[in-house]
Each structure stands twice: as C-alpha cells, then as structure tokens.
Amino acid sequence: MTVEQNTPDQDTIVAQATASGRGGVGIVRVSGSLAAKVAEQIIGHVPLIRNAQYVPFKSNTGEPLDQGIALFFKAPHSFTGEDVLELQGHGGQVVLDMLIKATLHVPNVRLARPGEFSERAYLNDKLDLAQAEAIADLIDASSEQAARGALRSLQGEFSTQINSLVELLTHLRIYVEAAIDFPDEEIDFLSDGKVQNDLKAITKQLSSVKSQARQGSLLREGMRVVIAGRPNAGKSSLLNALAGRDAAIVTAIAGTTRDVLKEHIHIDGMPLHIIDTAGLRDSSDEVERIGIERAWQEIEQADRVLFMLDSTETHENDPYKIWPEFMRRLPKNMGLTVIRNKADLSGENVGKVQYDDYPVFQLSASHKQGIEVLAEHLKECMGFHSSNEGQFIARRRHIDAIERAEEHLLLGKQQLEDNLAGELLAEELRLAQAYLSEITGEFSSDDLLGKIFSSFCIGK
C-alpha cells in the first residue's frame with residue numbers, strides 16, 4: 001500500500017493551459033528548470049519575477065509569432081513548485097501551436113502529460129492528492145454547489161478533516177504500542193477506558209466525515225435514482241416526465257418495460273442518473289424474469305429508490321404494509337421515497353405528504369403534475385439545499401478508503417473486546433490510518449497516482 005514518494009521528472013514541460021479552440025486569450029504554460037531559458041528564446045530575456053510584461057513572442061529563428069503578457073514565477077513560489085513561465089497571447093489555435101512548437105526547440109523541453117502540472121505540484125508538496133483532484137472537479141463542476149464544494153476541497157477543508165483523523169489514530173497507536181513494547185512500564189491500556197473512549201470518538205468522527213463525503217460524491221458524480229414498483233404503476237411515465245422526453249415506451253399493458261432504461265439528466269445543474277426498471281412480480285416469462293433480476297441489481301446499487309405505487313389501488317402509505325417482501329429485500333439504509341402515482345384518477349391532492357421515515361409524494365406522472373415538487377426533493381437529497389456550508393467534494397475512491405478504515409476500526413474494537421488482543425488492535429489501527437492517508441496521498445501507489453492524474457486535462 002505504501003510506496004516511496006517520487007520526485008518530479010527533470011524534463012521541463014510545456015502545454016496549452018486554456019481550452020482548445022478560438023478565444024480572446026490563450027495561455028501556454030512552461031514548468032521546470034529550463035523555464036528561464038525558454039523565456040530567453042521566446043521573448044529575449046527572463047521577466048522580472050511575478051511582474052507582467054507586455055512583449056513580442058518570437059520563434060527560434062526570430063520570426064514574430066504573437067505579442068502578449070509574459071509572467072515568470074521562481075521556484076518554489078509557483079503552482080508546481082518549479083520555475084514556471086506563462087505566455088498569455090491571443091487565443092487562436094494556430095498561434096498557440098506555433099508558440100508551443102517554438103518552446104520545444106529548447107533541448108530537454110517536452111510536451112506535458114495530462115495532469116502533469118498538478119502531479120508536480122503534488123510531488124513538490126504544494127498540495128495533497130485530494131486537493132489535486134479538486135482542481136479537476138472544479139473544472140468539471142456542473143452546478144454552483146459542486147463548484148463551491150470543489151473549491152472547499154481545493155482549499156483543504158476535506159484534507160483537514162482527514163488529517164485530524166490520522167493524527168488521532170497516530171496518538172492512539174502510540175499509546176497502544178507503548179503498552180505492548182514496554183510491558184515493564186505497566187501501562188494497562190484497558191484499565192482506564194482510554195482506548196475504548198478514543199476508539200468510540202474516532203469512529204464517530206469518521207462516520208460524520210463519511211456522511212459528508214457521500215453527499216459530496218453525489219454533487220460530483222450524480223445520484224443514482226431507481227424507479228421501482230409493480231407493473232403498470234407508471235414508472236416509465238415518471239421517467240419520461242423527469243427526462244422531459246419520451247425515453248420509455250408507455251402503454252396500458254402491464255409489463256411493457258422488460259429491461260433497464262437509463263437517462264442522465266440535470267435538474268438546475270445537479271446531475272442525476274434516472275433508472276426505470278421492469279415491474280416487480282412473479283413471472284413465468286423468461287425474458288421478464290431476467291428483466292426483474294436486473295431491476296433488483298440496479299436497486300441494490302442505487303443511492304435512492306422511488307417506490308412507485310398506483311394510488312387507485314391502495315390508500316396505504318407505509319411501504320412495509322404495502323409490500324413487505326420488497327422492503328425486506330431492500331438494502332439496509334437505502335434512501336426511499338414513496339410515489340403515489342395517478343393522482344388524476346384517485347382524486348388525491350398533488351404534493352408532498354410526510355409519513356414517518358419516508359417522504360410520500362402524490363402526483364400524476366402522465367399529466368406531469370407534481371413533478372416539480374419531486375424534482376426539488378431530489379435536489380435536496382443531493383444536498384442542493386444543505387444547511388452545511390462546509391460541504392466538500394469527494395470521489396468514490398475517498399468513500400472506499402473511509403469505509404475500509406471504518407471496517408478496520410470495528411475489527412480493532414472487536415479484537416479488544418473479545419480477545420484483549422493489543423497486538424491485533426494495533427495492526428487494525430495501522431491499517432485504518434494507512435487507508436485514510438491514501439486520500440491525501442501520504443501513502444499512495446504509483447498506479448493510483450497515474451490513474452488520477454491521467455484523467456486531468458493536458459495543461460493542468
């Protein structure tokens with residue numbers, strides 16, 4: 001799990017830092033020990049550090065290429081921690097390509113790999129891995145909430161919480177391992193309840209961070225919403241209403257939908273993956289049975305399930321009373337919203353009705369009545385109206401690492417309570433700490449780093 005930290009390549013790298021295509025301004029970024037030499041070739045001198053200079057840009061043969069702003073940042077006071085040169089010219093693609101070509105005439109200057117500028121910033125301790133990922137998340141944000149969350153992660157709010165947990169685990173490990181390594185000191189780590197209390201406090205704090213990370217993941221990646229229910233409840237009509245188009249075939253024949261239908265939509269910029277499934281029932285039809293099994297596979301992977309029912313058939317709102325078999329199979333802690341469809345036929349008022357632990361919505365999918373209220377509810381489920389102003393963006397790998405750390409804390413607690421095994425507790429604490437450290441990159445494999453930074457755009 002742990003590897004030695006790499007050092008940045010000795011090559012100087014160059015790339016276009018702005019998006020490809022036409023624009024008013026285009027930026028070429030150079031990073032490395034030869035940035036000053038590139039400046040001498042392109043503009044004839046090295047600009048004053050952190051001073052914008054309006055100068056002509058020339059090729060290696062002295063031919064004019066463009067004119068614009070040159071900025072020079074001296075290591076380590078730059079984004080990458082290396083010498084950095086930025087050439088800000090006009091945004092025509094041909095002009096920028098010629099400018100990059102001119103920089104490549106300097107020996108040992110090469111084109112940057114995707115994400116290599118951010119990678120060098122990480123390797124030079126200018127930011128940690130979670131902050132580096134937040135750069136890409138900020139660029140790709142599809143809503144204001146996602147952008148704000150990514151900025152908070154970039155500013156280190158997520159990393160601060162992870163580092164706090166790592167520090168707490170470090171102190172607890174020192175205490176436990178001291179009792180193991182120095183038995184003559186007679187440190188009884190069970191007698192005063194310190195270990196148990198610390199474990200409880202750390203687990204509680206980790207659970208809180210996990211909850212925030214899951215919310216942040218929904219902002220970044222979108223929420224998987226599965227529409228489930230019996231045949232002819234109106235699931236496909238609801239998919240069409242949310243998607244704003246006829247994505248699914250709708251008929252009065254029960255069992256029309258036999259396979260999984262997926263639509264990627266945005267509600268006020270918030271990404272959702274809406275999944276329509278086959279009606280759930282016992283069936284002798286082989287094709288329909290396969291569709292039902294696929295429906296359950298989607299349900300088990302969902303972030304939220306819309307439990308669809310025909311309001312003309314029951315006045316009951318409690319899903320356990322309506323369909324106990326469905327609720328018993330539903331994954332524990334699954335977010336569930338009850339949808340009472342066909343309000344136009346049952347005469348029910350359109351809107352939200354709260355029932356115990358499950359929000360209940362009365363609507364008419366075919367007439368698109370009550371859809372806006374449901375859309376607001378889905379936005380709230382993603383944290384659109386979250387009262388937590390400190391919401392940060394997180395990725396699936398972050399959640400996986402937190403969950404693994406949580407598992408090891410629980411295992412350590414069991415070893416302590418069942419076996420009084422201090423050595424095994426210490427090992428579980430070490431593993432929990434290592435998984436959390438993967439988030440910020442303190443312990444990360446080369447494969448993980450390569451995968452993360454390769455997903456960045458070239459100039460980042």
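In case you wondered, yes, glycine gets a Cβ from its N, Cα and C as well.
Copied over from Swiss-Prot, here are the features:
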type	residues	note
BINDING	R29, E86, K126, K460	(6S)-5-formyl-5,6,7,8-tetrahydrofolate binding site
BINDING	232-237, 251-257, 276-279, 341-344	GTP binding site
BINDING	N232, T251, I253, T256	K(+) binding site
BINDING	S236, T257	Mg(2+) binding site
DOMAIN	222-383	domain 'TrmE-type G'
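E86 ((6S)-5-formyl-5,6,7,8-tetrahydrofolate binding site) sits 53 Å from S236 (Mg(2+) binding site), taking the C-alpha atoms as the reference points. When Cβ atoms from all protein chains are considered, those within 10 Å of K126 ((6S)-5-formyl-5,6,7,8-tetrahydrofolate binding site) total 18, not counting its own. Local packing around the binding-site residues R29, K235, K342 was summarised as the count of other Cβ atoms within 10 Å of each Cβ; on this measure the leading residue is K235. Across the structure, R29 ((6S)-5-formyl-5,6,7,8-tetrahydrofolate binding site) and S236 (Mg(2+) binding site) place their CA atoms 50 angstrom apart.
Per-site Cβ counts within 10 Å over the binding-site residues N232, S236 peak at S236.
Counting in whole angstrom, K235 (GTP binding site) lies 50 from K126 ((6S)-5-formyl-5,6,7,8-tetrahydrofolate binding site) by their C-alpha atoms. Note on the domain 'TrmE-type G' (222-383): mean pLDDT across this stretch is 82. Cα separation, K342 (GTP binding site) to S236 (Mg(2+) binding site), rounded: 13 Å.
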